[in-house]
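This report concerns only the one structure given below.
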Amino acid sequence: MIQSVAFIGLGAMGYRMAAHLPQHFDTVYVWNRNFAKAEQHAAEYATQAVELEQAVQADVIFSCLPTSQDVENLLDGLSLKAGSIWVDCTSGVPDSAKKVAAQLKAQQVDFLDAPVSGQTIGAEKGTLTVMVGGDAQAFEKALPAMQAFGQLIKHVGEPGAGFAVKAINNMLMAVNLCAVAEGFTTLKAHGVNLNEALDCINASSGKSAVTEMVLPQRILNRAFPLTFALPLLAKDTGIALDLVRDAKLSAPVLGLAQSLIQAANATAEPDSDFSSAVKMYEAWSKITIE
Ligand code: NDP
């Protein structure tokens, strides 16, 4: 039985994910590096803003930080409670999950890599997809806590498997984003009405999450709302390509998408949403996708 939960990292995702926990658990600790955000969360959702040392005494500890390195740095020197489960919702590095899971096992703590997809709107609605790697028994124990913000929750394998699935998912989205930028600048060059073209494609075999959501909600309307930062997507495509290299496979399409997303990230304005990657194509072609 889970008596207490904690959430560490109240960013764009974490703030919203943690908001669901008080409906299911009596004791919900929150901690954030900028502590004012934790205090704001406590005031808004009746969670408890506490010091990090206290937060990590919960039965289930969630983290959602930018990178695995941030999580490793945070864990360094922390003393955890035997029998607890650390559920890391960061989109992280599989090798880091394997290493941290082994280290925490020595403290009788389980580590699950449990990255999420569904964007900030999914975090707000509690409809995220959670892809989990790690010990199967720990997964079963932590499941009720993950259900607070997750809709589809899958145990996908050993430590690192969840991070691997997430990296490949985001790589597939990046491939689509690049292909859509190329396809829609081409259509515009041929004088096609892009909104009408989009309706046709979304009723045809070329559709994807990018054409169904990203293009109409972020690009065609020129909104580019910052909910998932472009450097985070660049990080994810890097993780995916490392997986390809580790397996000694050849993945030319993924490799090209990784280079394109890196280039888009390098040339983007600060605080750019991932959808802004198409602006690189717009600059090259002098064609705006609108
Ligand atoms: P944000 O940048 O919005 O939030 C990052 C959070 O991590 C903040 O709470 C920040 O604290 C904290 N943080 C950053 N660096 C450190 C550090 N060194 N030590 C301690 N805390 C730190 O990121 P997101 O919420 O967008 O993303 C978090 C993770 O979720 C990433 O791995 C991302 O790839 C993934 N993700 C994001 C999605 C999205 O749509 N945004 C969707 C799915 C996954 P502070 O407030 O002090 O800066």
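Here the Cβ of each residue, glycine as well, is placed from N, Cα and C on the backbone.
What TrEMBL says about this one:
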| type | residues | note |
| --- | --- | --- |
| ACT_SITE | Lys166 | active site |
| DOMAIN | 5-157 | domain '6-phosphogluconate dehydrogenase NADP-binding' |
| DOMAIN | 160-281 | domain '3-hydroxyisobutyrate dehydrogenase-like NAD-binding' |
What is the three-state DSSP composition of the domain '3-hydroxyisobutyrate dehydrogenase-like NAD-binding' (160-281), stated as helix, strand and coil residue counts? 89 helix, 2 strand, 31 coil
Same-chain residues at least 6 apart in sequence with Cβ under 8 Å of the Cβ of the residue listed as 'active site', in sequence order, are Ser91, Pro115, Val116, Ser117, Met131, Asp236
Looking only at the domain '6-phosphogluconate dehydrogenase NADP-binding' (5-157), mean pLDDT returns 98
